[in-house]
Ligand SMILES: [Zn+2]
């Protein structure tokens, strides 16, 4: 806690004045551009690696950047993630939702281990809210991973996006750069697009192409960020060589 208190003092000296100016600038007319779902991992600092600022994004975080599928709820108002979607996309009319996964995700590493039935047993779930959360909301990602496993990690997977008819194909880590848990993390990130689209209160916006869902993936040990390109059917490194093409794709399909 002393680190935090010292940090607050540093913020007062170096950052506060500038931030208050930014608060005043957006005060009467904040126009956030994205609802950004990511993991609670302490290494993930989305406003830093996207260089976004006051008023730019709603950020929602949980273990494993999971948006529970609406099938888990009697109605759609029973948990944080759909409430955040409503606040962002309906109340504030935000038109872009981003799900950002990352490498070496401790929640996803645990999800990978949950393939072991003893590890995932009812008794173990009872003593571990994290296991229970993953078993309830992330097994669809694990099932997709197992589909990939039987093809020796080479065949593409099919995911559903904004509507049941808007499916997309994804080659997961075709250069085989990442370990199995990271492949699962990429699959889990893409699986959330379907989960987001399961909410009835977003249906019209999604059908009319007024609301778009994107996937990003952050490689913690290199600091590189990948954008899932539906054109390229894979996560593409966002860098000088790919930037213009990605920008065109985003403008063409999602503006
Ligand atoms: Zn994580």
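We number each residue from 1, going along the chain as drawn.
Placement of Cβ uses the backbone N, Cα and C atoms for every residue, glycine included.
In TrEMBL, annotation is done automatically, which means it is predicted and not curated.
TrEMBL lists 39, 41, 102, 105 with the feature Zn(2+) binding site. In sequence order, 38, 39, 41, 43, 44, 65, 185, 217, 218, 219, 220 are the residues of the chain that are 6 or more apart from residue 102 (Zn(2+) binding site) and have a CB within less than 8 Å of its CB.
Apart from the site residues 39, 41, 102, 105, the chain places the Cβ of 38, 40, 43, 44, 64, 65, 101, 103, 104, 106, 107, 108, 185, 218, 220 no farther than 8 Å from the centroid of the site's Cβ atoms, the recorded Zn(2+) location. Proximity of residue 105 (Zn(2+) binding site) to non-local residues of its own chain (separation of 6 or more, Cβ distance below 8 Å) is seen for 39, 41, 64, 65, 181, 185, given in sequence order. The number of other CB atoms found within 10 A of the CB of residue 41 (Zn(2+) binding site), across every protein chain shown, is 19. Around the Cβ of residue 39 (Zn(2+) binding site), 25 further Cβ atoms fall within 10 Å across all displayed protein chains.
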